[in-house]
């Protein structure tokens, strides 16, 4: 247990540091949207949810992310459309994960949402 915990903490520190140093582009103002994303591929046990969480916070996006039982990762993300597109492209570019597909569905905006959360089940 101790060694696994150590490696998870090491991985989490790496993920947080990596996201912290992303050079964010200038985003043209775009409409606020909410999208449900389902990432499939090798996306669990690689710090994928943590990367989405940290990047969403940097981009001022709201919503949530969670692992699914089918080994995919699901997220509902709300914010400027261009920022969500950037997040998707970044997640697809990760070397430690292998995103085979991203299913994207438009959702209704949640007016009172103010934060982003990792749902652990």
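Keep in mind that glycine also has a Cβ here, set from the backbone N, Cα and C atoms.
What TrEMBL says about a protein is an automatic prediction, not a curated fact.
Quick look at what TrEMBL lists:
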- 34-120: domain 'Acylphosphatase-like' (DOMAIN)
- 49: active site (ACT_SITE)
- 67: active site (ACT_SITE)
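Around the Cβ of residue 67 (active site), a 10 Å sphere holds 18 further Cβ atoms from the protein chains shown.
On the backbone, the CA of residue 49 (active site) and the CA of residue 67 (active site) stand 8 Å apart.
Its Cβ taken as reference, residue 49 (active site) is surrounded by 22 other Cβ atoms within 10 Å in the chains shown.
Residue counts for the domain 'Acylphosphatase-like' (34-120) under DSSP, split into helix (H, G, I), strand (E, B) and coil, are 24 helix, 37 strand, 26 coil.
Looking just at the domain 'Acylphosphatase-like' (34-120), the mean pLDDT is 97.
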